[in-house]
Amino acid sequence: MSERHAALTSLPPILPRLIRRFAVVIVLLWLGFTAFVNLAVPQLEVVGKAHSVSMSPSDAASIQAIKRVGQVFGEFDSDNAVTIVLEGDQPLGGDAHRFYSDLMRKLSADTRHVAHIQDFWGDPLTAAGSQSADDRAAYVVVYLVGNNETEAYDSVHAVRHMVDTTPPPHGVKAYVTGPAALNADQAEAGDKSIAKVTAITSMVIAAMLLVIYRSVITAVLVLIMVGIDLGAIRGFIALLADHNIFSLSTFATNLLVLMAIAASTDYAIFMLGRYHESRYAGEDRETAFYTMFHGTAHVILGSGLTIAGAMYCLSFARLPYFETLGAPIAIGMLVAVLAALTLGPAVLTVGSFFKLFDPKRRMNTRRWRRVGTAIVRWPGPVLAATCLVASIGLLALPSYRTTYDLRKFMPASMPSNVGDAAAGRHFSRARLNPEVLLIETDHDMRNPVDMLVLDKVAKNIYHSPGIEQVKAITRPLGTTIKHTSIPFIISMQGVNSSEQMEFMKDRIDDILVQVAAMNTSIETMHRMYALMGEVIDNTVDMDHLTHDMSDITATLRDHLADFEDFFRPIRSYFYWEKHCFDVPLCWSIRSIFDMFDSVDQLSEKLEYLVKDMDILITLLPQMRAQMPPMISAMTTMRDMMLIWHGTLGAFYKQQARNNKDPGAMGRVFDAAQIDDSFYLPQSAFENPDFKRGLKMFLSPDGKAARFVIALEGDPATPEGISRVEPIKREAREAIKGTPLQGAAIYLGGTAATFKDIREGARYDLLIAGVAAISLILIIMMIITRSVVAAVVIVGTVVLSMGASFGLSVLVWQDILGIELYWMVLAMSVILLLAVGSDYNLLLISRLKEEIGAGLNTGIIRAMAGTGGVVTAAGMVFAVTMSLFVFSDLRIIGQIGTTIGLGLLFDTLVVRSFMTPSIAALLGRWFWWPLRVRPRPASQMLRPFAPRRLVRALLLPSGQHPSATGAHE
């Protein structure tokens, strides 16, 4: 140990002296603080459930799209939904439908938890779309109330309770699955795993501490310190979360617990390692305490600030998966650092008073001295060998594949996975997790014109690669509505014509009846023509007789006039007699005179008759002359009717042959389900069934239409995500140049959501990674006071991070055959950035202390002094994080093992070989801009001044320092 170091320890700083003086008080304060925060608020898991935040990125385009669908259709305002699956041993019948109806009534009545039910199976029009091909399963989507995880979980539990308390018929089972149910089960599995993993971790750490220290008391005391740290961190984070300082998530609570255990154990090992080293060097307990504090406090502070700062950089992330990790873990690490710098030294002081922390075995530094000697002797080959080892992991990175399917990372016994497995026996994965496309315009689309455009949109999307099914108003069951193709409409016109052919045949036969009637009429006309000749002859005779009668009547009239003129005076008597009517003779004679007046009238009428007879004799021959043309015309008409009959008969026979099966084309197009010639007439909008379909696929005002799209394969895969942009592109191309051009297009669903998550994760990883690297670099420069050393630390951390993630890919993906979950990359990268610099920092800090002995000697001494401690701490940290593999959430296990592999690589390769070999290769440039001696100064010069100045003072006068060949 150098004199400078001795001088520093001879006058210890005030902080370690205060800690040593008030050690018992500090221990009691920490115990009281831990008890208070754990009694004042519920446990961390309980607070986490009550203050959990939604994992869905609320500002993502896909989430906004789903919410927009719910708004314009007036159905829901959240993105949480579950799927209720009915499965029967036999095809679902009336009992299953009655059970389903009862369940729907219960769900509809619970408006506190249920926002909307997408009841397709309850409507005969769309039932086939929600029923399996074997008729043994059906499903219904239920949208829940709640935009944060706490409300959503309550809604999931309420729906499950209603399903469980509604007795199904024999042979029928009901399951609750879907995204919200899966997230609820994930949180439950994570919370249940914390206690199990913590217990396993405690036992493993206890065993490792026994191996390291060979002392039960030391191991127990370290575990007690770690337990107090863990209790304080858990309680303090729960207290802050309970007061809404920040929100929590399953990942935050799980990672916080193990990070607290691992970091607290690491810091305890750092302190005990340096304390034991000082005791082996012959220092008393108090001096060893100050040496320990001086040698590790800045390392612990730098390590803790690095972890806390790097984790807090996650607060800049947009995804709740990462954002919820930032503040809780950062604050937890600050508490761990505070405990390590106060509680740890206090416990060490109290324990050392009772000689509890004295080393039980001799430290063996020979092996690490040999490693250090080999490194300074062959730094180039050692560095090349470490790079070769790192290349194993780096070469595995290009084969990295990820998945977004949460089901694979949860126990198969979870209710959501059980329900998903039941659904998977009857439905494709994409059918239960469809994409929803919304097209919103500024006018009512309930008309034939816009129906053509909407069908074009559906057709374009359906014919793009990777699409299994598209449901829309023009294809409610995934295929175009039957009888809506133009060929079918034309074919139906042929069917109508065929139905009219029999009527036409009857009318053609009626022509023959008309011909027969015409023949009868012609014959009648011939007879009438002959009879008309006879009538004319008789009429001429009658005319002659009429003339004779008129002459006779005129003569009679004249004679009667003569008679009347003679008897006129007598006649007057008969008209003047008032009582002539009563005298028969008088009245009779008067009547004779009246008869004479009638002869005048008769003569006048006969004259008229003679004139009429003369006219008739003139007209009758003319009338008879018209009959031959009429007979000719009727004969022509008869002949033309016969010709028309023959023509129509031939046409009928030809049509009958051509229209043998007029509906064949329509049936063929219906069977082929070709959607190239869709047309929906205006009359369809009055159809009651179609009106029900409009309510499902068009908004109440008709200005928005939704499409339900099922992808081929699993949408929660990179292949499924790659279909999102083509769907949007096809929709935009379909409405280009149509009345819907300029309409707003929204796309949500499983693949769209994970696409937004993938893009958000890239952004978050970039932002958090750059921020964390910058922060770590600044902290390292402050602590080491060397730009190059800080850059080397950060550079090796980044290299270690890439190699360790590649090793994780190699282990999980290539050896175990399990793809890594999408968030493993981002979380493990940030965590490795945070914890990866600890051991390099401890090594370089020790190297800086020993540099007075020369660069190479300092490397050897630093390796000997820190090798065992850093290896033990790194192994404990790595094993602690790897114990996440016992969690029921395989995601946590993948994150933990990735970090564990990274810490092992960092401890055994980077810190042990790569960093010291780089320091040996760079020499004094490793410490730039600090000025260091490549070789040690003489013992008498070292404490005082630079060699040239001291020699100028001590050497005899006239002897210049340069004459001795001495140099700096």
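The backbone N, Cα and C atoms fix where each Cβ goes, and this holds for glycine too.
Model, not experiment: these values are computed from the prediction.
Feature annotations, courtesy of Swiss-Prot:
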type     : residues : note
TRANSMEM : 22-42    : transmembrane segment
TRANSMEM : 204-224  : transmembrane segment
TRANSMEM : 245-265  : transmembrane segment
TRANSMEM : 297-317  : transmembrane segment
TRANSMEM : 328-348  : transmembrane segment
TRANSMEM : 378-398  : transmembrane segment
TRANSMEM : 763-783  : transmembrane segment
TRANSMEM : 787-807  : transmembrane segment
TRANSMEM : 815-835  : transmembrane segment
TRANSMEM : 866-886  : transmembrane segment
TRANSMEM : 890-910  : transmembrane segment
(message) With CB pairs under 8 Å as the measure, which of the listed stretches 22-42, 297-317, 328-348, 378-398, 815-835 comes out on top against the transmembrane segment (787-807)?
(response) 378-398
(request) Give the one range among 245-265, 297-317, 378-398 whose Cβ atoms make the most pairs under 8 Å with those of the transmembrane segment (328-348). (result) 297-317
(request) Count the CB pairs under 8 A between the transmembrane segment (815-835) and each of 378-398, 763-783, 866-886, 890-910, then give me the winner. (result) 890-910
(message) Are the transmembrane segment (204-224) and the transmembrane segment (866-886) close enough to be called in contact, which here means at least 3 C-beta pairs under 8 A that are separated by 6 or more residues?
(response) yes
(message) Quick test of the contact rule: Cβ under 8 Å, at least six residues beyond the ends. What residues does that give for the transmembrane segment (763-783)?
(response) 298-299, 302, 305-306, 309-310, 313-314, 316-319, 322-323, 789-791, 793-794, 797-798, 825-826, 829-830, 833-834, 837, 841, 845
(request) Establish whether the number of Cβ pairs under 8 Å between the transmembrane segment (378-398) and the transmembrane segment (22-42) reaches at least three, counting only pairs separated by 6 or more residues. (result) no
(message) Should anything in the same chain at least six residues away from the transmembrane segment (866-886) have a Cβ under 8 Å from its Cβ atoms, list it; otherwise answer none.
(response) 193, 196-197, 200-201, 204-205, 208-209, 212, 254, 258, 261-263, 265-266, 269-270, 273-274, 277, 363-365, 367-368, 371-372, 835, 838-839, 842-843, 846, 892-893, 895-897, 899-901, 903-904, 906-908, 911-912
(message) If we skip the immediate neighbours and take only residues 6+ beyond the ends of the transmembrane segment (890-910), which ones have a Cβ under 8 Å from one of its Cβ atoms?
(response) 190, 193, 251, 254-255, 258, 386, 389-390, 393, 406, 408-410, 796-797, 799-801, 803-805, 807-808, 811-812, 818, 820-821, 823-824, 827-828, 831-832, 835-836, 839-840, 870-871, 873-875, 877-884
